[in-house]
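Here's what TrEMBL has on this protein:
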type     : residues : note
DOMAIN   : 37-286   : domain 'G-protein coupled receptors family 1 profile'
TRANSMEM : 23-51    : transmembrane segment
TRANSMEM : 63-82    : transmembrane segment
TRANSMEM : 94-116   : transmembrane segment
TRANSMEM : 136-153  : transmembrane segment
TRANSMEM : 196-222  : transmembrane segment
TRANSMEM : 234-256  : transmembrane segment
TRANSMEM : 268-288  : transmembrane segment
Amino acid sequence: NRTTVVEFVLLGLANSRHLEITLFLFLLIAYFLILLGNFSVISITLVNNFLQTPMYYFLRNFALLEITFTSTFMPSTLYSLLTERKTISLPGCFLQMMFFYYLGTCTLFHMAVMSLDRYVAICHALHYTTIMNHRFCLQLILSCWAVSFLLMFPPTIMTVQLPFCGPNVMNHFYCDASLLLQLSCTDTGLIEELMFVILIIILPGTLIVTAVSYGCIIVTILHIPSSAGRRKAFSTCSAHLIVVMVFYSTCIYRYIRPAQRGGQDSDKILSLFFSVLTQMLNPYIYSLRNKQVKQALKESI
């Protein structure tokens, strides 16, 4: 009943009109590439009989997740850059925040699951089809969605119930939870502590699983007798690891660095890295550079 704010003002990515137009064109191209790459992965892995394996099952779900994740903020960001309209309604801000963090958490769990899949495929190749059967793959995917929801639901509901009496200005291009907490006119210490604990569980937890999986894969690759085979395997793993390092390093520095309050221009740049740049690279790094996928695309065309 104490809430008097009916909308929030998102300052966005730029202060000048010329820079806004430039960023609009860049983000429009990036969003188009994200949609094109991920829809290509989904369609080709659905229709091609040779791509009905656990790896491509996970990649198809990952592509769907990337489309929904970027779509939580990209259309509104593009609209804001094009029209200079900086406001977002209170319910719209809450919905954007809820889906951004929920789908972002799902992305982290999916990356860990895909690294586990590659670990089993390379380090336990003879038992791969037995371990990664359809039922187990489905359980892993559903677990990612369910655990993400259970982790993010409590702090989201607590944030939505906060009163907002003004000011209502956020120095960001989407509704960020840490900035929302700063704008509330009541004590948010409990929510901040809860979110910090959850982020500590999610980010380092999934990173450890991913790092250990790729570490075991690299050890196995070193035992490959063929030098050409080692180079090919290292080429694939190094590309995956670069994307993983960029994604995790920017996320960790943005959300769990000491004395993190948010609102700086550097936070927006970091957010662009993990929410746009890595999403644009993922379809190519994980799927479209694969020989099987490229052959399937050629046959479809």
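Placement of Cβ uses the backbone N, Cα and C atoms for every residue, glycine included.
Same-chain residues lying 6 or more positions outside the transmembrane segment (234-256) and placing a CB less than 8 Å from one of its CB atoms are 108, 111, 115, 118, 178, 196, 199-200, 203-204, 207, 210, 214, 217-218, 221, 267, 270-271, 273-274, 277-278, 281-282, 285-286, 289. Among residues of the same chain six or more beyond the transmembrane segment (63-82), those with a C-beta under 8 A of the stretch's C-beta atoms are 10, 12-14, 20-21, 23-24, 27-28, 31, 34-35, 37-39, 41-42, 88, 92, 96, 99-100, 103-104, 106-107, 110, 173-174, 275-276, 279, 282-283, 287.
Taking the domain 'G-protein coupled receptors family 1 profile' (37-286) as a whole, pLDDT averages 86 in the prediction. Annotation: stretch 94-116 has the most Cβ pairs under 8 Å to the transmembrane segment (196-222), among 94-116, 136-153, 268-288. Listed as Cβ neighbours of the transmembrane segment (94-116) (distance under 8 Å, sequence separation of 6 or more from its ends, same chain) are residues 55, 58-59, 61-62, 65-66, 68-69, 72-73, 76, 88, 140-141, 143-145, 147-149, 151-152, 156, 159-160, 174-177, 180, 202-203, 206, 209-210, 213-214, 240, 244, 247, 251, 275, 286. If you look at the transmembrane segment (268-288), the same-chain residues 6 or more away from its ends with a CB under 8 A from one of its CBs are 13, 27, 30, 33-34, 37-38, 40-41, 45, 56, 59, 62-63, 66, 69-70, 73-74, 104, 114, 171-174, 176, 239-240, 242-243, 246-247, 250-251, 253-254, 294, 297.
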